[in-house]
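According to TrEMBL, the record shows the following:
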type     : residues                                                      : note
ACT_SITE : A:338                                                         : active site, phosphocysteine intermediate
BINDING  : A:275, A:276, A:338, A:339, A:340, A:341, A:342, A:343, A:344 : substrate binding site
COILED   : A:514-551                                                     : coiled coil
COMPBIAS : A:551-596                                                     : compositional bias 'Polar residues'
COMPBIAS : A:648-671                                                     : compositional bias 'Polar residues'
DOMAIN   : A:126-504                                                     : domain 'Myotubularin phosphatase'
DOMAIN   : A:307-351                                                     : domain 'Tyrosine specific protein phosphatases'
REGION   : A:551-671                                                     : region 'Disordered'
């Protein structure tokens, strides 16, 4: 709190991004965790919340007659423009935010103050949801070829690796330690994914310290051990994900890449993915295009091409496809590295795993994948996403690119993923939000020292709890495609890759027609479920009636007339059976949204977003309104009076609303 | 790539058949001599071809190898195809031959001919529940019904052009302001290019009308006539609102520019190997200008929607001849504003009204006779723009993108009269001449009756036609927007409030509360009378605000839909342009996967509600009849149908790159034998007999 120079400024204007002439008047509040803008308009009092850790840049612009403009760009691609009447206030807000947005200690981050009102046990259970031991077991490990090594116990060999790593059985501690000394930051080759169908594997490491001629016997033995762990193939691929030029430049610094002559039976392959600096500026260029107001076709297409962003996405995908094909089609194991083996290597290994194994395309599987390839293997979340104040050159959208690769695949294979776009967007949001402890620090070791699991909550259990919101209604478990790896062409053409407006333009008003398809579909699914339940109920009722008839009860002739049941006339019925009818209902999705309890203010954004791609990030939504909404639109609800003077109904009162709602809730939670 | 098991069968064409009108270019190749020649009509071929490549208008590239055929016969075949695909006269097109035969045959039998006019009405889709006929607007009553449907007061059907006495490029019947007398119209008509005097397209429920007209060529009279016309249109407006004129020639790309863009687009998407354009894909796409033009038309049309809807102004589209850009803009405005035109029947009636009857020169623009310098793909541009709207508002349309693509392909099938002529008069004139020369008794008929493209049963089986249906759009809308009854349009308007009623209460209080504030009938606006011919700054802002407000509200799918037109939102219509390109195909991927799943669900919902109706004691027979009538191509076998996805699905579905003969597996088919009888095979007579 000591950094807040002024906690409240009145008569601030929030400028509309689309038409700069429109602005809403309100009050700006600075709190320890958020910037909050509250509209003055008495009927709405709309609130816009921005988490400090989401702030990417703050720009104070030249003072005008109306006041002093302040431009805030967020890491989740939201842009907020405020005009503060007094220059002095603006300066205070600016200075405060500069400091608040760049905490110097982990303890200042939101996750240490965030309290979702769970007890200790629940928190601990949350952290246990994703279990890597289980995951390796699922892969079929340990087995005759691979074992769990304790060589990195207490991070003795490599401080950015996990303590538990799988290595070939034939790799002794001596070999591993020797190899680690020949690798950047001692990141020795370790298993990332094991493909039990044919014993091929994906391993990862950093670059070798080969310089122009250096050799290391243990490192050569290590690679041989990996090859021998796969009896089906007499060679392994070594994939250097860097452009060849970059790798060669590294040789001058005593690093570099494997010399094929020194290692027996390796096939060496460069795949040119650019480094973090190129990627950072590429994203910057693309975001400039996104900021254009209603860009022309040429502004947009040229801008997008010049940013190179989609070309980089394609490079990552191509690398993933190469590895997935090597493993599944050639049955060869692959060792992947870049320079330090924690950025491009993480991207490529996880894309390849996702292509190979349908498990990673499920909700839980995807969490496991991030836990395995990113969190446990020391992806430097703190540096890359600028959680603490640090070197701006370390910042780069590495995991953003991986998340986009997944989205590109989802677009190409809409039925292959259990989760939807919203899931990806929320994960991206929380990587920057620091609301949960999962992505803190640069390595497992640091997280352990900070006692993250005792002091913060896990995002995974939070997402899992709200999984109904993240399900892809198109997902088919029985579907051939989900059982196996994709049938991908060697390298999909450039035109397959699309601009992800759902991510980068997600704060633009009323975006995302495509995502709304998913929402419609969810609504149709629910409708279908309801109709079925109603059908069941009616059948039961019919049975009753028939029993009554059998008992010799005289049935009034009126009863058999359809007009009797005017409540069910076909026209009423048809009202509820078209997807168009859900245009209202889809707006109710926000209400069931994930994060939305009051605890999760981090996600609270402007109400405009209710209509945008990510409608769920809403505020004050009524948890029950979705249910209400559906029940009132159910074909039977409301329109139907249970007191119709038929004997059957009076004997067994039919209460559609009460019987439907609980079932509806079950449907929701089971998904 | 494995051969696909699935084939979307066109009943008129075999898998590798190419209608002669569908041929864009014929290239003969000799491998050994490394020679290549584009074959025009009456040309000589100095080498024996080893290969024939046919570039098709529907984006296929078909290649025939002559490895096993005699060199001379190969040459003959190539020359014959070149000859017959470039006829010198309209009456040599297949439709004439075909219809001539039909008439001769029906002279013996009694009713051998499909009913309908210049094209035969044709029920749109059998078994779909929407079996209304597509109005062709050839008769007085079709126009009269349209006036009533839109509730347009102050407009009347005018029959001064009966027998095409006034203008040969206007329909016989059209709609004009009630205050203009026939006598005045006759006098005015002389001043207009092509004697195309102003005629009505559509009216908004608020009374604003959409009108199109050609330029007034008579400079002396220009001011006076212009004034008279505008006054008459104002008088026809219940609020006596002003007229907004939109000069399309000044604001939109011209037909040559559009043609140039299309040629480049085809070069990029279809003809060029992809490797060459890989790195520069986005900029290459941009430099075709195609998407920019799609955007320009959508943007301009949306601005006119604003004038009609929010400013309550009648809009006059002005263009030199008034039969090119006007067709496109008038149709787009109506697709955006009137939900009826987003149904299959409605869309077809729109094409009849604003294209076929309004004198869009299909013959020249499609270049069926391969000699016109006037070729331009305006109709495709319209389908593309419609696709953009469909893409942005998937649940607002009864039809699917397959329907749009198939409709485009149908413009290249010379059997249908719909897309063969420059105007209705040309059909009557040419076919009467033809009838006389062939001794066909026409009786009372005005010219020959050609099959209509809207009779889809001629091309596709009932089951295949269900692919035209958009699974998002099932249910009430179909019976609700009947054609031909005045109440229908108003009824759909009611659904404004019905969508609101369904809104969760929390939203009613919050986000959409500004709904009421929208100046729908804001009298202030009406009082303003700025110079509308100039876009002033404030005017521009008002329009921006109108769009913004529209986009910030939930969309009413039965009301107006507007496109987003920033560069981010205009997309390439991949299904149309990429469907024959194997590299672009995603096996078991693409939006068809969603379509499939959605269809099952939609079908399930349909089925369940039918069962419910049955339980509730509706007439049993009706229920049984209904049970058989799924509107979906992919059907659910019961609740929670978990049957596997058919493995033939790909992003190009229902088209398949295998139909493209450039695949190697086609080599070795005994084409030589097949083609050696070219003379007989290519004769239209035998084809007609086969029918």
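Each Cβ is built from the backbone N, Cα and C atoms, and glycine gets one as well.
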Which bits of the chain, at least 6 residues beyond where the domain 'Tyrosine specific protein phosphatases' (A:307-351) starts or stops, bring a Cβ under 8 A of a Cβ in it?
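Result: 160, 183-185, 187, 189, 192-193, 195, 197-207, 223, 226-227, 229-230, 232-233, 235-242, 246, 250, 255, 267, 269, 271-276, 278-279, 282-283, 285-286, 288-289, 360, 369-370, 372-374, 377-380, 384, 396, 398-399, 401-402, 404-405, 408-409, 485-486, 488, 490-492, 494, 497-499.
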Calculate the distance in Å between the alpha carbons (Cα) of residue A:275 (substrate binding site) and residue A:338 (active site, phosphocysteine intermediate), and round it to a whole number.
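Distance between the two Cα atoms comes out at 9 Å.
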In whole Å, how far does the CA atom of residue A:338 (active site, phosphocysteine intermediate) lie from that of residue A:344 (substrate binding site)?
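Taking the Cα atoms only, residue A:338 (active site, phosphocysteine intermediate) lies 6 Å from residue A:344 (substrate binding site).
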Looking at Cβ-Cβ distances, which residues of the chain lie under 8 angstroms from residue A:344 (substrate binding site) while being 6 or more apart from it?
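A:241, A:242, A:273, A:316, A:319, A:338, A:398 - these are the non-local Cβ neighbours of residue A:344 (substrate binding site), listed in sequence order.
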By the DSSP assignment reduced to helix, strand and coil, which category contains residue A:344 (substrate binding site)?
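Assignment for residue A:344 (substrate binding site) reads helix.
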Just report the maximum Cα pair distance in Å for the recorded substrate binders A:275, A:276, A:338, A:339, A:340, A:341, A:342, A:343, A:344, no decimals.
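Greatest Cα-Cα span of the listed binding residues: 12 Å.
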What are the other residues, in sequence order, whose C-beta lies within 8 angstroms of the center of the C-beta atoms of A:275, A:276, A:338, A:339, A:340, A:341, A:342, A:343, A:344 at the substrate site?
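Near the substrate site, the remaining chain residues are A:241, A:242, A:345.
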Compile a sequence-ordered list of residues in the same chain as residue A:342 (substrate binding site), six or more apart from it, whose Cβ lies below 8 A from its Cβ; state 'none' when nothing qualifies.
A:160, A:187, A:206, A:377, A:378, A:379, A:380
To which of the recorded positions A:338, A:340 does the lowest count of other Cβ atoms within 10 Å belong?
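Sparsest of the recorded positions A:338, A:340 by Cβ contacts within 10 Å: A:340.
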